[in-house]
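Undergrad: After the structure tokens below, expect a handful of questions from me.
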Amino acid sequence: MILLDGKKTAQDIKNEITAEVNKMKANGEKVPHLAALIVGSDGASLTYVGSKVKACELVGFESTLVKMPSTTSETELLKKIKELNQNDDIDGFIVQLPLPEQIDTQKVLMTIDPSKDVDGFHPENFGKMALDMTTFIPATPFGILELLERYGVETKGKHTVVIGRSHIVGRPMSILMGRKGFPGNSTVTLTHSYTKNIAQITTQADIIISALGVPNYLKAEMVKDGAVIIDVGITRVPDETNEKGYVITGDVDFENVSKKASHITPVPGGVGPMTIAMLLKNTLLAREQRKVNN
């Protein structure tokens with residue numbers, strides 16, 4: 001069994017990005033600038049945004065964190081997004097999800113300038129991705145592709161089963177694995193909460209990408225020998241024996257599934273670090289595109 005080490009791979013990518021930024025500095029060029037916008041004070045979201053800002057600093061990017069209270073109206077948020085759209089100093093920005101219930105998430109995503117949408121959630125970018133055009137790929141699917149590529153996992157002609165159909169992971173992943181090229185050229189089955197007899201489908205899979213958010217959902221009996229397992233799930237499970245009071249648990253019963261898998265991602269240390277690394281890569285791409293366009 002080969003462990004798909006997202007932590008190490010993400011660090012390799014960050015080192016490559018740092019080298020690019022150092023070249024920019026040496027040439028007197030502007031370095032990439034990522035802004036992160038968060039509404040409210042959700043602990044997990046604040047931690048995640050904080051890690052993105054810290055990652056920017058470590059690779060030499062400029063970063064801006066915009067915090068808005070949970071009582072922020074949709075009108076106020078859209079105004080702030082338009083300000084970020086028009087700020088030439090900022091190359092890309094993200095709006096941390098989920099948003100408070102008074103705000104229409106779809107309207108927010110539609111308002112982001114597609115050329116600054118480094119999360120890849122704008123319908124224009126999503127459509128370009130579906131048509132195999134150059135665009136920003138959502139960071140988590142982008143990270144999974146990068147892991148598969150760097151570890152040389154064969155995808156051509158393989159049966160890939162994606163569990164979960166969110167627009168953040170499941171749906172883009174199903175599109176990307178079916179596209180021409182590597183990683184891709186896979187036959188894809190997209191499953192979800194209404195899929196019947198899911199174990200019959202997963203046991204036929206060469207590659208399983210689980211993005212369900214249900215701890216230890218994927219059991220060993222649902223997996224065939226030699227399958228490649230990508231675990232996108234990150235759930236805080238209460239654990240009184242842990243000093244934090246919880247443990248981070250994936251969708252996959254790692255202990256038992258890893259005995260059958262040919263390749264598997266751990267949780268934590270698998271897909272999570274890759275997501276942040278690819279957000280940085282998208283921001284670097286945004287800076288390069290803006291340089292060309294200007």
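Even glycines carry a Cβ here, placed using N, Cα and C.
Copying in the features that Swiss-Prot gives for the protein in this structure:
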BINDING   Gly164, Arg165, Ser166, Ser193, Ile234  NADP(+) binding site
Undergrad: Using DSSP and three states only, what is Gly164 (NADP(+) binding site)?
TA: coil
Undergrad: Out of Ser166, Ser193, which of the binding-site residues is least crowded by other Cβ atoms within 10 Å?
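TA: Among the binding-site residues Ser166, Ser193, the sparsest Cβ neighbourhood within 10 Å belongs to Ser193.
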Undergrad: Just jot down the residues in the same chain as Arg165 (NADP(+) binding site), at least 6 apart in sequence, with C-beta under 8 A of its C-beta; none if empty.
TA: Arg171, Ser174, Leu190, Thr191, His192
Undergrad: Validating a neighbour-count step here. Other CB atoms within 10 A of the CB of Gly164 (NADP(+) binding site): how many?
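TA: The answer is 24.
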Undergrad: Taking only the residues the record lists as binding NADP(+), namely Gly164, Arg165, Ser166, Ser193, Ile234, what is the largest Cα to Cα distance between any two of them, in Å to the nearest whole number?
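TA: Largest pairwise Cα separation, rounded: 18 Å.
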Undergrad: Once the DSSP letters are reduced so that anything not helix or strand counts as coil, what is Ser193 (NADP(+) binding site)?
TA: coil
Undergrad: When you measure from the Cβ of Ile234 (NADP(+) binding site), which residues in the chain that are at least 6 apart have a Cβ under 8 Å away?
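TA: In sequence order, Gly213, Ile248, Thr249, Gly250, Val267, Pro268, Gly272 meet the Cβ cut-off.
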